[in-house]
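Let me begin by handing over the structure; questions about it come next.
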Amino acid sequence: MVQQVSRALREVRLAKCRGASGEPAAQAAWSYLGEAPHWVQPVQPEPGASMGVKALHLQQGLSNKYCGIYLSHSTVFKGYRKPLEIEDVWELQDKDKTKALYTAFEKNMKASMQKARAEMEKRKLKKRRREGDPDYGNSMSKAQSQDILVLEEKQPKKKKKKGDDSHKDYPKGWLMKTLGKTFQQNLLLAVAFKLVHDALVFVSPQLLKLLIAFVSDEDSFAWQGYLYAILLFLTSLVQSLCLQQHFSLCFQLGINVRASLIAAIYKKSLTMSGATRKESTVGETVNLMSADAQRFMDLANFIHNLWSSPLQIILSIIFLWGELGPSVLAGIATMVLLLPINAFLVAKAKTIQERNMKNKDGRMKIMTEILNGIKILKLFAWEPSFEKRVNEIRALELKNLVNFGYLQSVSVFVFTCAPSLVSLASFGVYVLVDKRNILDAQKAFTAISLFNVLRFPMSTLPMVISSLVQANVSTARLERYLSGEDLDTSAIHHNPIEGSAVRFSEATFAWEQDSNAAIRDVTLDIAPGSLVAVVGAVGSGKSSLVSAMLGEMENIKGHINIQGSLAYVPQQAWIQNATLKDNIIFGSEVDEARYQQVIKACALLPDLELLPAGDQTEIGEKGINLSGGQKQRVSLARAVYSNADIYILDDPLSAVDAHVGKYLFQHVLGPKGLLQKKTRILVTHSISFLPQVDNIVVLTAGAVSEHGSYSTLLANKGAFSQFLNLYGKQEEDVSEENTAVVALAGDEEEADEGIDPCMDERPDDVVTMTLKREASIHRRKLSRSLSKRSTSSQKAAQEERPKKLKGQQLIEKEAVETGRVKFSMYLRYLRAVGFCFSFWIVMGYVGQYVAYLGSNLWLSDWTDDSKRYENQTYPTQLRDLRIGVFGALGVAQAIFLLFATMLSVQGTMRASRVMHQQLLSNILRAPMSFFDTTPTGRIVNRFAKDIFTVDETIPMSFRSWLSCFMAIISTLIVICLATPFFTVVIVPLSIFYYFVLRFYVSTSRQLRRLDSVTRSPIYSHFGETVSGLSVIRAYGHQERFLKQNEITMDINQKSVYSWIISNRWLAIRLEFVGSLVVFFSALLAVIAKDTLEGGIVGLSVSSALNVTQTLNWLVRTSSELETNIVAVERVHEYMKVKNEAPWVTKKRPPRGWPSRGEIQFVDYKVRYRPELDLVLQGITCSIGSTEKVGVVGRTGAGKSSLTNCLFRVLEAAGGKIIIDDVDIATIGLHDLRNNLTIIPQDPVLFTGTLRMNLDPFDQYSDEEVWKALELAHLKTYVQGLPEGLLHLVSEGGENLSVGQRQLVCLARALLRKAKILILDEATAAVDLETDHLIQTTIRSEFADCTVLTIAHRLHTIMDSNRVMVLHAGQIVEFDSPEELLVKQGVFSAMAKDAGIAITETTSL
């Protein structure tokens, strides 16, 4: 999900770098801009803007252009006939593939980085000389000073680090050099094309001047006119070809830079040291990939403006001086005065945007957490509190957006005023300075077209500079990241030592160089082929010991020697988004026989039978469609399959049921398992296996307190034997029996090797049964998730059917909309804006263009005065009138525009507010089943990307589309007024234009979609890699992941690449239409020479020179608008999700309900979805006040469905539940959920203070909170924290151990103190001591409550009043544990499995 957020952020940044000057530049585009569109588009600059034509295996140059056109021709036609798929896009050439690019980049990077490192050392030395000893380098030999440098470096680092991390020095300034060196050929070619283009820009105004002179002169020859017309056409054509070639080179540069940077970041992430990794979270690293690499890409697109803008400015001024003499300075002064205003506005806008980025990040963070912990929110009825938090942030965000919008309108206003003010100033001064100066058509229109040329570089220069500044920030971030320290594995030796597989020699390791050591002076020798158990309390350093072996920690002293290859099973299984088989094989060769053996040993066969497509089933992200136990078993199977020499197992049995654990130990880990010949290091919490291991290592506070075999340690009477006496009694009694069972199973297995014991359906083969059951419930969930798909119609539903049987894919591909966007979407958006608003906005734009036409006609009339008063003095009052009206019309334009933009800011904000509000409240009210079947990323995407589009991109697109459309209409009107014949030409041109548009838009739209669809895998693969780093490194699979990353990158590059070329295809055709408009307006002027005045010709041709750009731009904005409006559609889709029952209904339960806590089930039935079987099949029972009831049953018997029913996460299919005489189905969900308490299975915490996690509504006093913490045995820990209750919990509670999180959940329940407590066996991840604490607390504190415990371990419920045994959704036994044990039923069989003897219960 991170990636979606970051993608959204990237787009915000894009918009930000365009800042307030996005639209103004757009206005500037009316001039003959040459390159405006790419800059100006207020929409994104082409995102992957790519290697234009390079993909075609051809030499560069113009000929190349046409082949590019041909190939893109085929793509465009294909795209018009049917929506493009990724298969239709042509492959990249080898030299454009990520691998080739990165190889070159890396070579240069190494060289530059070395230089930069040397520089950094010099800086350090200088600094040290300044601070410290003057006689440093003098009195010592070089070698000595070097040594001291090394020492010095180690010491000060410690102090500095604590003080301020951000000022840590890093090699600077090498990134730009590296990029320049790597891509120099491309840069030089682009410069050449740009120079030709810039020269031609200035030819058009000169030709215009000659043409006007020709029209004004009665005696000139007709051929001259035709020559000028043809020359105008040709310059405009060549200009557009050069420009497009230049752009395709720039975009190619951009996309290649992005590819190299992403590859570099990815590679770095694989080798990064633990400390460097801590500095940046996964999110931030993904951001480097998405946002910062993207910034470089945007910069590359217009890096050349840095030199070409000043060049154009200088040339324009020279030409203008020739026309108007010194009075030009007035116009330029006006422009220069407007620049600081604009710069000020941009800076303001930027600060607002930055503030908003923080809000957006904050909002997304909360949203992600809400979605990840949605189950807890529902069970605790905490939605309103979180909804309020999101809405508060959103309100700030909208406030900033409105201010940003206003700033933008002002800046657009200034920019619209600009052209009329500039020409007003110049012409006014020119006319006023000297009586003899008369404004004639040649001067006026040549000057105007030159001013137009000038406007563009002047507006882009500040933008390029600001984007450079932003790229600078990114450069710093990337340089710091890419030059961070690599993992230092020097402390892990691989020397062959006889008789030892792993040897620790006085090993002391810490998580960071200067923090406290996590493991101290460990000296251990592990013999090859032995099974060593590592035990210890929570936080005693068991996992740290594992990390040290994997080389993930910083060495302080000593070393570890490891012989042979490693396989690693982490505590929390890391599952890739791939098929189950791929997850197990994990890039090794496929060996079917071994694979089958592994699957059987890891108890995965029953799961495979039940998964929809066996081992080809696709596993969702983070293993979403597997249960915890299944994930753990897959993770174990991966290790076993890898056939390594040394196995490091970090508590792999914690997540599975006891009997499954037993089976795994027997068949895989134990003395008779698959791995019996290997060295196994097993971190474990469960005592039952300890008698069978060769060696036990006991850790306390990071040091080995004792080690030896089970019997030795017992005899020693140390900490370990006390520990065992506390918890191991029950196991003692049955250990003999146990070993017998194990032996028996072993013999049996050898006896029928051929037959798979799992297939043998003996009822007492417990494991198989539970596994089957576990899998079947999973399958049930899965089919539930499959058919809960939003099927738009019956037809779709029928097509779904066969899918469900295959069901190979858990999560359907996200629907990529194809074809045109429905018109209703535009209407829906306008309705959200308000129709009244919309109407007045349009009127404002109409007003603006009427005034624009007026001022142009007035000017052409003014220039004709030079003819009327040819030999007379020019009347002063007429002169003043001319200047006055001209100025007034200019201001009127701007005022109309200001009115329209201000209104649209109000309107669009209203739309944003309404849409987000509806989306949020609807998502929070969606039933649980919706979240089970929809990946979080998809929902987050609606809140990040799509809401961003509605907030910022759509308003921009709408406004620019309107401007554009009006501008074209007004230009055409001007030309038709001048030469009425032109109307005849308009018709064929617009038909051609329309077809090009339709063709292009359908292709472009689909390619854009492909780009975004192929981009997410890059980020999700990266996120996956970062979260599974330790596993990937342990197995040594870095190379394979690098390859995978290259492949994903290339697929994305490919689609972006085609998108760019299709853009070039379009641009060339459109600019051709534009050139034709210029040609015809000039040609018609030549033909109708005798009837025309110079003024009107000047007006019509100079307008025509603008039209090319505007046409190009209209297509852009239309296609952008179409692409963006999809966001409205996507948001709307989630506004229609069906809601759960209302939170509060008319019928409220009495105050203080439930006072007794009696629960009655009356023939209660429930199913997950209408078409599925019942999960609970008519349960009837009653639970008395303050009774303690344990609920047991094999996996899938319906235990957890029971809690879901009490909280109405599942609604009844029949029967009812009555709590204290109230039927729970009749009251609101919140009334119900607020009055029950649950301690859930997985402890979920939210970011925020510890206090917020315990009491989000601030209902309790601090004393009460402390009391709860004390009872939960957390008080001492919390008091030890510097911030106490305000201690910030990090994302997902990462900065607390799993055990502590569990205790926080206990404290939550203690605070609520409802009459009914449901305890969903939460002790799997907790060591026995913590478990003991929790149990005793619950017994004492909840003595007067009704407690339902859903148990996986029978020990926890042996002291209940009664035990309910569920089987296949029915109650089979319900009585006190003593009775049940005697009764020889299901329960006593289970007890026997868990090794509970009858005698023992009496002691309780």
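Cβ atoms here come from the backbone N, Cα and C positions, even for glycine.
Curation plays no part in TrEMBL annotations; they are all automatic predictions.
When I checked TrEMBL for this same protein, it listed these features:
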COMPBIAS  778-787  compositional bias 'Basic residues'
DOMAIN    188-470  domain 'ABC transmembrane type-1'
DOMAIN    502-726  domain 'ABC transporter'
DOMAIN    839-1123  domain 'ABC transmembrane type-1'
DOMAIN    1159-1393  domain 'ABC transporter'
REGION    113-144  region 'Disordered'
REGION    775-807  region 'Disordered'
TRANSMEM  186-205  transmembrane segment
TRANSMEM  225-243  transmembrane segment
TRANSMEM  302-322  transmembrane segment
TRANSMEM  328-346  transmembrane segment
TRANSMEM  406-433  transmembrane segment
TRANSMEM  829-852  transmembrane segment
TRANSMEM  883-905  transmembrane segment
TRANSMEM  958-975  transmembrane segment
TRANSMEM  981-1001  transmembrane segment
TRANSMEM  1066-1088  transmembrane segment
Tell me, please, if the transmembrane segment (958-975) and the transmembrane segment (829-852) are in contact, taking contact as 3+ Cβ pairs under 8 Å between residues separated by 6 or more positions?
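These two segments touch.
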Same-chain Cβ contacts of the transmembrane segment (981-1001) under 8 Å, 6 or more residues past its ends?
76-77, 79-80, 972, 975, 1062, 1065-1066, 1069-1070, 1073, 1076-1077, 1080-1081, 1084, 1087-1088, 1100, 1111, 1115, 1118-1119, 1122
If we skip the immediate neighbours and take only residues 6+ beyond the ends of the transmembrane segment (225-243), which ones have a Cβ under 8 Å from one of its Cβ atoms?
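Answer is 34-35, 62, 65, 193-194, 196-197, 200-201, 203-204, 207-208, 210-211, 214-215, 1067-1068, 1071-1072, 1074-1076, 1078-1079, 1082-1083, 1085-1086, 1089, 1101, 1105, 1108.
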Taking residues 6+ outside the transmembrane segment (302-322), which of them lie with a CB under 8 Å of any CB in it?
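Sequence-remote neighbours of the transmembrane segment (302-322) are 35, 38-39, 45, 190-191, 194, 198, 201-202, 205-206, 246, 250, 253, 328, 331-332, 447, 450-451, 453-454, 456-458, 460-461, 464, 467-468.
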What same-chain residues lie close to the transmembrane segment (883-905): Cβ under 8 Å, and 6 or more beyond its ends?
402, 405-406, 408-410, 412-414, 416-417, 419-421, 423-424, 427-428, 431, 833, 837, 840-845, 847-848, 851-852, 854-855, 858-859, 862, 955, 958-959
State the residues, same chain only, that lie 6 or more residues beyond the ends of the transmembrane segment (328-346) and have a CB under 8 A from a CB inside it; answer 'none' if no residue qualifies.
19-21, 24, 317, 320-321, 407, 410-411, 414-415, 417-418, 421-423, 425-426, 428-429, 447, 451, 454-455, 458-459, 462-463, 466
In terms of Cβ proximity under 8 Å, which residues at least six beyond the ends of the transmembrane segment (829-852) contact it?
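Tertiary neighbours of the transmembrane segment (829-852) are 416, 889-890, 892-894, 896-897, 899-901, 903-904, 906-908, 910-911, 914-915, 950, 954, 962-963, 966-967, 969-970, 1125, 1128.
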For the domain 'ABC transporter' (502-726), what's the mean pLDDT in this predicted model?
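Summarising the domain 'ABC transporter' (502-726) by its mean pLDDT gives 85.
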